[in-house]
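Peer 1: Structure provided below as structure tokens; questions to follow.
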């Protein structure tokens with residue numbers, strides 16, 4: 001209502017002129033006949049409307065007072081409705097920009113041990129995207145309005161486009177910042193994190209309006225020359241380059257190589273400054289690159305290198321906190337909560353906050369809650385996937401495929417299984433033995449034959465004879481193979497081969513291995529391997545100790561753990577010390593060690609398990625021979641030979657008597673962290689993948705729940721009356737814009753291009769409606785632009801900044817982009833429009849004339865007030881306030897009142913100058 005009140009004041013001030021009771025100031029030149037406003041340089045508004053770019057004049061052009069009031073209401077309502085449509089199409093436009101700027105490329109990452117892996121690097125620099133596509137997305141209506149106004153009115157300068165740019169800049173600088181300062185909860189504050197970038201963009205914002213004043217009032221008053229217009233346009237890329245240099249610290253430091261850091265907002269690797277290397281090292285160093293002495297001595301990299309795992313640590317901490325908060329939930333449930341938590345707390349782009357604010361206003365619901373609900377309803381990628389092996393055929397195989405037996409056992413029994421299928425066929429499968437180190441005839445009996453599985457039978461056994469001898473020898477093995485499967489009917493009659501689906505097939509394991517253990521030795525004791533990799537989440541690891549080359553007698557085997565880089569005593573694992581007792585003919589024992597789960601993303605610590613000398617407890621004749629004799633009697637030759645043979649049979653340690661255990665990170669936990677990081681890419685949240693999804697969103701009403709709970713466990717709230725009203729007011733626009741290409745198509749560029757065209761069309765309509773509304777009520781275009789049009793184009797940005805101020809931990813997303821957008825509006829909005837017009841009139845041999853009075857005054861007024869506002873923001877960074885936003889109640893209210901007062905004064909002075917109550921330039 002404040003803008004309406006100010007306009008009312010302005011109308012009262014200019015009322016005598018509008019009613020024809022006064023004449024223009026004699027000292028001012030007469031207005032040109034072709035201007036839509038009868039007197040752009042004069043003092044009165046005009047009731048005579050001119051045709052717009054798209055809308056014709058509403059005939060008759062001299063209506064009665066009642067018709068004027070009705071027309072004004074129609075124009076105003078239509079303009080508000082167009083602003084709603086503009087907000088919704090800007091929502092789609094910003095979503096496409098988020099998808100474009102989130103594009104990534106792959107790089108090769110080389111670990112310190114030489115291993116390589118593939119990582120992702122964001123192509124767009126965050127600062128560059130904020131000043132280019134993001135600024136274009138939030139300021140597209142103002143920029144296109146200026147361009148369309150000039151091009152649609154025979155390349156003549158108007159007041160609506162430039163006035164909207166300056167008025168929007170004032171609204172953003174004063175009202176948006178005032179709202180952001182006020183909404184921060186008591187006792188909290190927000191600071192700008194990237195202060196260097198803010199300084200650069202703020203300086204360019206001030207310079208942009210100083211440059212406008214120089215063009216309009218100093219260099220060539222009343223005329224915009226070609227070089228001035230083109231230089232204004234060139235300042236845009238120069239501003240972007242300076243901001244990029246500030247972000248990379250190239251203005252202060254020199255870098256000779258490129259580093260990468262992990263962006264805490266999206267969890268992906270972002271390239272830093274310098275020349276790109278072919279590959280990078282995960283420890284912060286690079287292939288073919290020397291590390292500076294100080295960094296190499298400390299063993300740490302610079303700040304960017306130390307931030308490499310920042311986002312992963314955040315996700316890991318989230319999971320740990322959620323485990324403590326919800327001890328009764330399993331990992332899958334915790335992951336679902338963590339996904340929402342990570343989305344809620346990560347830093348977000350301005351595009352996201354703009355989209356979130358628009359959808360909350362139009363009854364489309366909370367973006368994050370909708371994404372979390374869709375993810376919960378969406379089945380897993382593997383759910384319901386058909387089993388390739390479940391094709392209706394019976395599967396025949398050995399179960400198990402490994403067998404051990406002593407050479408004195410006589411025979412070994414092997415099992416063959418038949419699983420699956422319909423169970424109404426007879427299967428014939430052949431088997432035969434094959435030599436390994438054991439030979440048929442000397443170590444085992446050669447065997448071959450046929451197994452018959454009748455309908456309903458699921459298991460068959462076959463027996464192989466083992467040959468015993470009295471010769472001490474190493475363990476030996478042989479094989480048994482399944483082959484030549486035939487299928488019969490239920491009565492056992494063979495069926496002819498058909499071209500249909502097979503009823504049975506042989507599957508792995510088709511080969512069984514039988515190991516024959518020598519029974520003439522107490523055994524050789526060792527671990528199965530020298531190295532064992534375990535995950536820290538295992539809890540307890542089972543380590544097998546095998547007894548080979550014999551299993552005679554009872555043997556006690558001591559063992560103990562020894563620290564390596566991993567520490568016992570409950571730090572990384574629990575110490576283990578004890579004895580394993582192998583009974584007669586027992587060939588395997590298991591010892592257990594408890595592993596401590598630290599929930600680390602990357603881990604590689606080791607410890608050792610050592611076996612002690614085996615002790616022979618219950619012995620046979622060999623033990624008696626070993627103990628035979630005393631120190632006084634010399635053994636006979638026969639006794640010495642017997643003792644030598646017995647010595648060969650005593651238990652000993654094998655080659656693998658020391659096992660290295662390497663504790664690694666949990667792969668499930670690591671994959672969970674990676675999935676959480678991947679899922680929090682905001683392009684996946686706000687983008688669309690199909691027209692079906694877009695139309696479903698368009699016709700669905702959702703609750704506009706702006707406040708977020710920590711874990712998303714709150715029950716979903718029903719839409720309010722306001723949500724339903726806003727949905728039905730905007731459902732036409734939602735369904736219409738659902739016809740646009742989804743943001744996923746062509747990496748967002750298809751939606752981007754179509755949105756530009758639609759925004760241009762709506763902007764042209766808004767410009768015509770605003771001009772016709774102004775001429776209907778006698779309101780000058782310059783006042784109409786700084787109040788109604790600027791307000792309509794800036795309302796979504798206000799809500800977006802409010803949401804960003806509340807949810808972000810810093811002030812960059814809420815106010816840090818305001819200054820950048822203001823500079824971009826001038827350099828692009830006026831630079832493009834004036835460059836086209838100046839070149840056009842230069843070709844015609846005539847100058848491009850711009851009426852300087854109102855615009856130059858507004859620019860000067862805004863520049864002075866902007867200096868005051870930026871100075872206040874910088875002062876608020878002092879410790880007793882804490883930051884640009886929020887702070888103690890007194891300074892917060894004072895800052896809010898000051899910024900709102902500056903905006904009211906700007907509107908008031910601009911209106912007074914437009915109606916000649918105060919003199920401008």
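Positions of Cβ are set from backbone N, Cα and C atoms, glycine also.
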Peer 1: Which of the listed positions, 125, 817, does Swiss-Prot note as N-linked glycosylation site?
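Peer 2: With Swiss-Prot as the source, N-linked glycosylation site is noted for 817.
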Peer 1: Looking at Swiss-Prot, is residue 915 on the same side of the membrane as residue 154?
Peer 2: no
Peer 1: Have a look through 457, 461, 665 and flag the one Swiss-Prot assigns to the Ca(2+) 5 site that 536, 598, 600 belong to.
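Peer 2: Site partner of 536, 598, 600 for Ca(2+) 5, according to Swiss-Prot: 665.
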Peer 1: Per DSSP, what is the residue tally for the topological domain 'Extracellular' (792-822) in helix, strand and coil?
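Peer 2: Its residues divide into 27 helix, 0 strand, 4 coil.
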Peer 1: Of 407, 476, 536, 598, the binding-site residues given in the record, which has the fewest other CB atoms within 10 A of its CB?
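Peer 2: With the binding-site residues 407, 476, 536, 598, fewest surrounding Cβ atoms within 10 Å: 598.
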Peer 1: Using DSSP and collapsing to three states, where does residue 598 (Ca(2+) 5 binding site) fall: helix, strand or coil?
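Peer 2: Where residue 598 (Ca(2+) 5 binding site) sits, the three-state DSSP reduction gives coil.
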Peer 1: Do any of 443, 536, 598, 599, 600, 665 (binding-site residues) have a CA within 10 A of residue 468 (Ca(2+) 2 binding site), and if so which?
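Peer 2: Those close enough are 443.
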Peer 1: May I have the DSSP-based helix, strand and coil counts for the residues of the topological domain 'Extracellular' (876-892)?
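Peer 2: Breakdown, helix to coil: 4 helix, 2 strand, 11 coil.
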Peer 1: Let me spell it out: take the topological domain 'Extracellular' (876-892), skip the flanking residues so only those 6+ beyond its ends count, and list any with a Cβ under 8 Å from a Cβ in it.
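Peer 2: Counting only partners 6 or more residues beyond its ends, the topological domain 'Extracellular' (876-892) has Cβ contacts under 8 Å with 180-182, 184-186, 188-192, 805, 811, 814-815.
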Peer 1: For residue 665 (Ca(2+) 5 binding site), which of the listed binding-site residues (407, 443, 476) have their CA atom within 10 A of its CA?
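Peer 2: The binding-site residues passing the 10 Å Cα test: none.
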Peer 1: Using C-alpha atoms only, work out the spacing between residue 598 (Ca(2+) 5 binding site) and residue 407 (Ca(2+) 1 binding site) and round it to an integer in Å.
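Peer 2: About 47 Å separates the two Cα atoms.
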